[in-house]
Amino acid sequence: MVDVTNHELVPDHTVLDDEELEEVLQEYNIDKPDLPKIQRTDSALPKEAEVGDVIKITRDSRTTETAVVYRLVVK
Amino acid sequence: MSQHAPKEISEITFGLMDPEEYREMSATKVITADTYDDDGFPIDMGLMDPRLGVIDPGLECKTCGQHSGSCNGHFGHIELAAPVIHVGFSKLIRRLLRGTCRECSRLLLQDDEKQEFHERLKRARDLDEGLNDVTKAAVRQARKKDRCPHCGEPQFDVQHEKPTTYYEVQQVLSSEYPDRIASAMEPDEEDGQRISPTELAEETGIDAGRVQEILSGDFRPRQDDREAIESALDVDLTEEDMNKLMPSDIRDWFEAIPDQDLDVLGINPDRSRPEWMILTVLPVPPVTARPSITLDNGQRSEDDLTHKLVDIIRINQRFMENREAGAPQLIIEDLWELLQYHVTTFMDNEISGTPPARHRSGRPLKTLSQRLKGKEGRFRGSLSGKRVNFSARTVISPDPTLSLNEVGVPDRIASEMTQTMNVNERNLEDARRYVSNGPEEHPGANYVRRSDGRRLKVTEKNCEELAEKVESGWEVSRHLTDGDIVIFNRQPSLHRMSIMAHEVVVMPYKTFRLNTTVCPPYNADFDGDEMNMHALQNEEARAEARVLMRVQEQMLSPKEGRNIIGAIQDHITGTYLLTNKNPRFNETQALDLLRTTRIDELPESDGTEDGKAYWTGRTIFSELLPDDLNLEFTSNAGDNVVIEDGQLLEGTVDADAVGAFGGEIVDSIAKLYSKTRGRIFINEVSSLAVRTIMHFGFSISIDDESIPPEAQAQVDEAIEEANERVEELIDIYQQGELEPLPGRSVDETVEMKIMQALGQARDSAGEIAEEHFGDENPAVIMADSGARGSMLNLTQMTGCVGQQSVRGERINRGYEDRTLSHFAEGDLSADARGFVEHSYREGLDPKEFFFHAMGGREGLVDTAVRTSKSGYLQRRLINALTELEAQYDGTVRDTSDTIVQFEFGEDGTSPTKVSSDVTEPAVDVDQIADKVLDSEFDDTTEKQRFLGETREPTNLSEHADDWWLAQTDD
């Protein structure tokens with residue numbers, strides 16, 4: 001099987017640890033459900049990601065070099 | 001208006017209404033179908049009972065004591081003689097009838113099934129999905145049951161005859177049962193045995209005497225007997241019987257449905273009992289909802305709803321009388337149906353299968369549902385969109401002498417639209433002058449409001465008198481005057497630049513006048529376009545319009561990230577003529593060009609010619625530029641434009657420099673300096689350009705597209721060559737020797753090659769033609785500067801129009817295997833498939849003209865389809881995105897505060913504030929830093945010291961001070 005996470009078009013998906021998550025929620029003054037969502041079944045997710053985790057996606061951007069997006073893993 | 005304090009709505013629930021509630025809120029019971037008595041007074045307990053509210057001014061409401069205007073009206077009620085079905089719920093009623101037991105009214109589901117649907121409902125609620133799918137499935141399952149799982153009663157199918165009749169379909173003993181039994185007992189072809197009554201009695205276990213009685217028709221067999229006979233003789237003794245369910249039956253049925261069963265069907269029994277769908281009381285809308293109109297002849301004309309209510313009460317009355325008189329069942333049922341019809345059409349008069357109730361004139365009545373539905377209904381017609389006051393619409397025409405911020409308003413419109421003036425000591429004089437001018441003369445006034453709140457109309461007669469009375473505290477509705485701010489709009493309003501604020505300039509005649517440079521944002525032209533104007537009515541609106549909506553504030557389009565306002569068409573031709581060849585002007589000419597700008601002094605001349613000073617076009621243009629502008633870019637004409645310190649050193653000023661849709665100079669000035677500077681620049685460029693084009697003169701004619709005979713011969717030769725090449729290709733193809741291109745069939749290959757050859761022919765014809773046009777050819781100037789048209793247009797006019805196509809192929813439709821009857825079948829040659837070898841100037845021959853029309857038609861159809869498709873697409877997109885908003889923390893969120901973008905556009909910049917050049921970074925930090933430093937430090941050494949670029953001389957001991965002082969200047 002091809003591991004799509006290694007594909008050059010798939011951006012970096014990393015699971016945030018509790019400390020980082022707290023920082024993100026603090027920065028935007030939000031609760032977890034206010035984040036954009038990503039399905040657990042999304043093949044770009046790292047294997048260890050579980051429902052309720054928050055993923056940090058670092059991807060190339062048309063307007064700036066890299067853009068960071070956080071997404072909440074849902075079922 | 002209303003004396004009630006505004007109340008905050010905390011919750012809305014939807015449900016059915018208890019008939020008891022109708023009675024409680026009713027101001028009066030209505031029993032009389034008449035409205036007014038002979039003296040013109042409303043009849044008590046009639047449809048116009050004064051307790052239902054007041055519509056005539058001066059009268060007092062008998063319920064709340066308020067006068068018309070402040071009393072909203074009160075509901076009354078009609079006690080229906082018999083229950084009647086509410087049409088709006090006919091589907092739900094059917095569903096309930098099918099899903100519940102006819103005997104015990106319980107839901108026809110086992111407890112475990114109930115539990116399952118209960119859970120599915122709960123999940124659907126949690127997921128915010130529609131509950132309809134679940135409740136529908138529940139009823140579908142319940143309907144499958146033949147017997148009630150609770151009381152064992154057999155269930156029958158319920159049929160619904162639209163709109164409001166329900167039948168139970170029962171299998172009952174046929175009336176001709178003896179005949180059917182007898183014929184079944186006769187010997188049939190296979191076994192040939194006649195069955196005797198004794199045998200039948202033995203087989204079915206029915207007494208032999210009873211069998212005889214059954215056969216003679218004297219005794220109707222009971223159900224189990226009937227079934228025994230049916231199985232013994234293999235015969236069907238039943239027929240379908242349609243048992244009509246009367247509304248009263250249905251009401252009784254629904255009353256017995258237990259609350260917990262309703263939960264499974266998605267109905268909240270606390271708020272909505274199903275029996276409430278069968279009306280026993282009909283609410284009568286207040287008179288304010290159905291006002292009567294007094295006609296010119298003094299006769300009263302009643303609202304459609306009142307007419308309908310009259311019908312209902314009449315039938316209701318008749319029904320009661322007949323029932324009390326003990327009328328036969330048939331008559332009662334007829335009246336019941338009639339009452340049902342009237343109540344049904346009272347609520348909805350557009351039900352299929354029911355003839356609509358009509359007015360005496362034959363016009364269908366507008367009843368409750370018709371008031372709400374559709375484009376002109378309450379929602380779309382009165383709440384989402386309404387007609388407004390202080391608005392005007394007329395044809396637009398151009399006026400290049402106006403600023404782009406202005407709009408010319410016809411005096412007759414200006415004297416109809418008003419602005420409210422609050423009179424005080426400072427503007428008292430002005431106010432008096434306006435009032436004394438009256439409503440007819442232009443800067444006049446139409447109304448005044450005295451300090452006591454009384455509004456007076458200013459007329460020609462009373463204006464002088466009224467003007468003297470005007471004092472502080474009054475309000476004067478004065479005419480629109482120069483400098484007032486108004487909102488101007490052209491439909492379709494596709495982007496925010498379709499509605500902009502303009503300053504008024506009052507003018508004679510009947511059209512709105514606008515500067516031609518604002519045509520692009522409105523997408524307006526002057527072939528009969530009309531536009532709307534709105535006069536603003538309060539100070540906040542005027543202030544916001546000035547700051548946010550004025551044309552100059554909208555100069556940069558957020559969609560494109562560059563200017564959308566700028567020079568167009570002749571302006572561009574003008575600046576091109578001024579700068580391309582850099583012509584020389586003497587003093588008079590130069591001053592004349594700059595006449596309409598703020599420049600009234602010429603710079604130093606560029607030199608002298610024959611003893612006279614001259615100025616070049618670029619020098620003159622440079623006068624309009626900010627003194628410290630530095631810019632370098634490539635023009636539309638292809639040369640390099642260099643601007644240093646506000647001087648145009650070289651290059652052509654054309655569409656890429658000053659045009660709408662991204663003219664570099666306009667874009668840079670608006671972003672680097674200010675929108676105001678940009679507006680001044682555009683205004684001046686357009687007037688300079690107009691002056692320039694008037695100086696040189698610019699026209700185009702047929703002769704400008706003609707080429708010398710030898711060039712024409714060359715063009716003809718090129719086309720002839722192409723024709724030969726095509727013939728060759730066809731030859732090879734017909735001999736079957738053509739090599740297909742990879743992935744194509746032979747047919748496709750020959751088509752492609754022919755298209756290619758003909759395309760080349762048109763291009764070379766164009767090139768030949770182009771060679772013969774000088775730079776001074778007006779069509780070339782327009783194409784070169786980007787003012788209008790392209791080189792392709794020019795080659796089509798002079799060289800060859802080229803291949804016409806339908807659906808991207810050469811024309812191949814019409815007759816079988818040929819396009820026209822003039823050609824042989826299967827002719828693939830250029831002229832038989834829509835190649836137009838003439839130019840527009842030469843003229844097309846009839847066949848060419850026909851093919852050209854085919855291609856042209858496709859273009860027209862395409863644009864028509866595209867606009868409607870893309871319009872709807874855009875509408876949906878806008879509706880999906882309207883609630884997104886960029887927040888102060890840089891995120892983009894929707895109204896529920898969920899994040900959509902973590903940084904607006906991922907770089908947090910506004911397209912109207914950053915460079916429109918996609919190749920360079922949006923924000924050039926180095927450049928900004930340099931700018932800041934330059935303005936912060938006058939002295940280079942200080943700046944260098946700040947930047948740490950020069951090292952301070954070290955001083956470790958006071959003995960070294962001499963050396964240190966020598967190192968530093970002071």
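In case you wondered, yes, glycine gets a Cβ from its N, Cα and C as well.
Note: TrEMBL annotation is automatic and uncurated.
Predicted, not measured: the structure shown is a model, and the values here were computed from it.
Around B:C104 (Zn(2+) 2 binding site), the same-chain residues six or more apart in sequence whose CB sits under 8 Å from its CB are B:C148, B:H150, B:C151, B:E153, B:A256, listed in sequence order. In three-state terms derived from DSSP, B:C104 (Zn(2+) 2 binding site) belongs to neither a helical nor a strand segment and is classed as coil. TrEMBL lists B:C101, B:C104, B:C148, B:C151 with the feature Zn(2+) 2 binding site.
When secondary structure is read from DSSP and collapsed to three states, B:D525 (Mg(2+) binding site) falls in the coil class. Just so you know, the Cβ of B:D525 (Mg(2+) binding site) picks up 11 other Cβ atoms within 10 Å once every protein chain is counted. TrEMBL lists B:D525, B:D527, B:D529 with the feature Mg(2+) binding site.
Among the features that TrEMBL reports, domain 'RNA polymerase N-terminal' is placed at B:275-579.
Annotation comment: TrEMBL describes B:945-970 as region 'Disordered'.
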Across the binding-site residues (B:C101, B:C148, B:C151), the Cβ with the fewest other Cβ atoms inside 10 Å is that of B:C151
Between B:D525 (Mg(2+) binding site) and B:C101 (Zn(2+) 2 binding site), the C-alpha gap once rounded to whole angstrom
70
For the recorded Zn(2+) 2 site formed by B:C101, B:C104, B:C148, B:C151, which further same-chain residues have Cβ atoms within 8 Å of the site's Cβ center?
B:R102, B:E103, B:S105, B:R106, B:L108, B:P149, B:H150, B:G152, B:E153
Sparsest-packed among the binding-site residues, when each Cβ's other Cβ atoms within 10 Å are tallied, from B:D527, B:D529:
B:D527
Whose Cβ lies within 8 Å of the mean position of the Cβ atoms of B:D525, B:D527, B:D529, the Mg(2+) site, other than those residues?
B:I396, B:A524, B:F526, B:G528
Segment-level pLDDT (mean, integer) for the domain 'RNA polymerase N-terminal' (B:275-579):
90
